[in-house]
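> I have a structure I would like to understand better, so I am pasting it below and will then ask my questions one at a time.
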Amino acid sequence: MERIKSNGGGHLNSAYDAAPDEPPVYEETNFPGEEHRTIRPSVISAFGHDTLDRVPNIDFYRNAGSVSGHRAVRPSLQELHDVFQKNGAISVPETLEDDGEKSDGTPFDDLESADTSDDKGLVKFGWIRGVLVRCMLNIWGVMLFIRLSWVFGQAGWGLGIVVIALSCVVTTITGLSMSAICTNGVVRGGGAYYLISRSLGPEFGGSIGLIFAFANAVAVAMYVVGFAETVVDLLKEHASLMVDEINDIRIVGCITVVLLLGISVAGMEWEAKAQIVLLVILLVAIVNVFVGTVIPATVDKKSKGFFGYTSTVFQENFTPAFRDGETFFSVFAIFFPAATGILAGANISGDLRDPQAAIPKGTLLAIFITGVTYLAVALCVAATVVRDATGNATDLVIPGVACNNSAVAACELGYNFSSCAVDTCKFGLMNNFQVMTMVSGFGPLIIAGTFSATLSSALASLVSAPKVFQALCKDNIYKALHFFAKGHGKNNEPIRGYVLTFIISVAFILIGNLNTIAPIISNFFLASYALINFSCFHASYAKSPGWRPAYKYYNMWLSLLGALLCCVVMFVINWWAALLTYGIEILLYIYVTVKKPDVNWGSSTQAVTFVSAVSNALSLAGVEDHVKNFRPQILVLTGSARTRPALLDLAHSFTKNYGLCLTCEVFVGPRSEIYQEMNAGMEKNQQWLNKTKRKAFYAGVACDNFREGTESLLLASGLGRMRPNTLMIGFKNNWRTAGRDAVQSYVGVLHDALDFEYGTVILRINQGLDVSHLVAEEEEMLKAAREQEALDNQMMTNGGKAKGLFRKSRNSSQQVLTTRVSVCGPTPAQVAKMNEKLMEASGQFKKKQPKGTIDVWWLFDDGGLTLLLPYILTTRKKWKDSKLRIFIAGQPGRSDLDKEEMKSLLKKFRIKCSDINVIDDIHIKPRSDSLKNLDDMIKPFCLHEGSKDMIQADVMQKEHPWKITDAELSSFEEKTHLQVRLNELLQENSKSANLIVVSMPIARKESVSDFLYMAWLDILTKNLPPTLLIRGNHKSVLTFYS
């Protein structure tokens, strides 16, 4: 509750410190003849005088734990505010050395803060080699040479354009969204995973990152098998098979993967050179197709359906001619995977010179170039090749024999392919997957282009998978995978990731049916696209001030449309693969959510949560409170969050996840001395609450005295309708020795709570509540142990001889250890036993309560809070074995009637209890020994003015106005005796209860002295199990109306 402490004159700069518990020390520097602060020359030239303030600089905005080991430290507000009053010479360091301690949630080699501008020897790519080339090679796949002609044969070039356009729309929207995200801050390694995780948080990023890396690894196998199948087809044509067709594909595939792995492991520079070679081959093959379409058709080519550019063929191929059960959507599903690959550049974002500029420019240009290429090649083929051809040069038009309607264009050009309507033909757009080879000027170049397309895509995936996987492992979201985070060489190459990708690829080449796995992989990629689009929408929707992308050509609703399109396309491609993808992603999302990785990337999810919270709070503010919706919102005066665990645990049991719980601390003392401690404690206490899964908020105030601080909390805590309505405080066990001011402050807090119409709850446990001395001892021991461990490590590192800082600090460390051991070491047996009992009592509400009762002594109608709070406890798992017993005061002779009335009332309230007891002898005078205990308790605080004359009594009363007068004792004799009698009844009836709840007596202001009131509370709850004194604000919190 109350904390009095001063840090002295130390300077705290924890907000900019790599290790929050060890603030930097700013040493004073004294120069001969004058006192002087070292400052930057730029500061002097800018302002013309010596100042501690700094001009804006990028180094101030780097994260703690930077890979560079240095970051600039701006002066804190405390230094600017206090230093000139002391007339001291203080030097603020320009940079702060990273001490090697990892900041919470931030790896030591922090990717966000790594400054790679000065790195020597690293291979970094521009937007052309790094993004444009990779994306084009990945998008230009085997589809261009093998299936594109079939797509336009089935759909016609009219719907074929729609197929290509729709694919480009999806990829273009995704490219725009990705451009916005990657220009909203520094982009490091990890590609799609990095973009999604930093936008939507680790839950989405961690789930999509794993399946995206796996998809790339399996994609290597798919592309390599495509290459191997082409090679085996050539071997088959020349009767040169090694074993058989299936095993030859496996042999060629494995050899190919080994070669590709060698290129990748050799370094990004070699891989980039290989990509350039493959691009040249691919470009030559594409040009070869265009050249072939303008070369006059030979007789052989005409018999296979190629006639050169003719309007007749072009018109005939305009309309769709779906066959074999194909539809527009099935044809689209076959083509769309060819449009994927737009993340090839982003996936190596850590190897780009300027990812923010390279990724948008290279990706969007690649989408445009490849889209135009697909369209141009397809239209050229559609304008020159008919759908069906026999390949027989003798199938010419015979005069007088009519042509079948399906081959009108061929008939007009002198060929009769009518037989294709009856028998299956082997040539034409619909039948021959090698149309491009036939159309081209030089057929072998198309085979080379097919090799290039498959190998380049395989190489890109082989590089992407380890890079993305390494970034995921570095963030330590899946702790079991952290082994793969280590990099090697100047480029931090993920060698372990390469080996894992190689193993996965070989496994799928050897055992996998890739026709089955292919749609799953396509859906994995589409899920990544969908989340990239949704990330852009979500960040825009949150309207966070931190969302400031340099790329402005995006629209949040367009991004949402892109996300929905991706989801639709997933089902179009394969509905069961889409469901499987969603299932895997949901499971991984749940896993990461449950594990709660200790990271904070400022995701848009946090921003939207904040916006929703504000919106909901404002909505609540416009609604009147209703008794049916009442729930206890508790302000509990625990002091530091760890100081009174029993009080916090019981308050948390009342609120759980459904109500507001504020754990509050009042720092008493001069504000200039305690504000640093208070500010440092804010985050520390909230983190402890989160770590221990207490659904509560921490708040602290600094004030000159405890009552004023609590008054500030009572008046200002909360937001709108989310304000505390109940004060919970521990009983002041030491009230007889604490002194007048402390008692007056404590009782004053209770008066203030009632004045502000708060419900008031006091918890008393015989062993006490405050464990702050034990917590302090534990922290001291841990700190001493850390110092000793650091000292031992340094000694081992230096071969037994300490150097530098540790050599200087060794004596002080040993001294500290000796001191702390003497403080925390063996203590008198009595004190040790008391501490043991205190710790046991402090943890009793954390455990499941044994079978027993919660005895509720509902003596005064306070609106129902005295009944509601224990009922809420019985709904919690820990208290489910505790039954309610109700005790009420009754008049002699009508106990049965009083019991029936209470039973009826509880039934209407729908509150079950195991028993109702009517106490009809509550008015009897207490026993003499009980009264003697009370007299002994209040004797030191009584004025005893009755034995003095009037003048002397007046003087005594003026000197000690806080003491209990004889007149006061006489006036409140009945109420005083009532508290004593109640304690006797509690001892008789509730001694074995798990918890006792009693209506709290109220002391009328200006009438009952503070010490008499404390005596009432003390004698009422003395020598009992854990006891709650409760007094509602006399407004109904229970109702029997629906």
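Backbone N, Cα and C atoms are what each Cβ position is placed from, and that goes for glycine too.
Bear in mind that TrEMBL entries carry predicted annotations, made automatically and left uncurated.
As annotated in TrEMBL:
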type     : residues : note
COMPBIAS : 95-116   : compositional bias 'Acidic residues'
DOMAIN   : 40-105   : domain 'Amino acid permease N-terminal'
DOMAIN   : 130-635  : domain 'Amino acid permease/ SLC12A'
DOMAIN   : 644-1042 : domain 'SLC12A transporter C-terminal'
REGION   : 1-37     : region 'Disordered'
REGION   : 94-117   : region 'Disordered'
TRANSMEM : 131-152  : transmembrane segment
TRANSMEM : 158-187  : transmembrane segment
TRANSMEM : 208-229  : transmembrane segment
TRANSMEM : 249-270  : transmembrane segment
TRANSMEM : 277-299  : transmembrane segment
TRANSMEM : 328-350  : transmembrane segment
TRANSMEM : 362-386  : transmembrane segment
TRANSMEM : 442-465  : transmembrane segment
TRANSMEM : 495-514  : transmembrane segment
TRANSMEM : 520-541  : transmembrane segment
TRANSMEM : 553-577  : transmembrane segment
> Would you mind listing the long-range same-chain contacts of the transmembrane segment (553-577), meaning Cβ under 8 Å and 6+ residues beyond its ends?
169-170, 173-174, 176-177, 179-180, 329, 332-333, 336-337, 519-520, 522-523, 526-527, 529-531, 533-534, 536-537, 540-541
> Take a look at 158-187, 208-229, 249-270, 362-386, 520-541 and tell me which one has the most Cβ pairs under 8 Å to the transmembrane segment (131-152).
362-386
> Tell me, please, if the transmembrane segment (520-541) and the transmembrane segment (208-229) are in contact, taking contact as 3+ Cβ pairs under 8 Å between residues separated by 6 or more positions?
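Yes; at least 3 Cβ pairs under 8 Å.
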> Check for me, if you would, whether the transmembrane segment (328-350) reaches the transmembrane segment (362-386) - at least 3 Cβ pairs under 8 Å, residues 6 or more apart in sequence.
yes
> Taking the domain 'Amino acid permease N-terminal' (40-105) alone, what is its mean pLDDT?
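Summarising the domain 'Amino acid permease N-terminal' (40-105) by its mean pLDDT gives 56.
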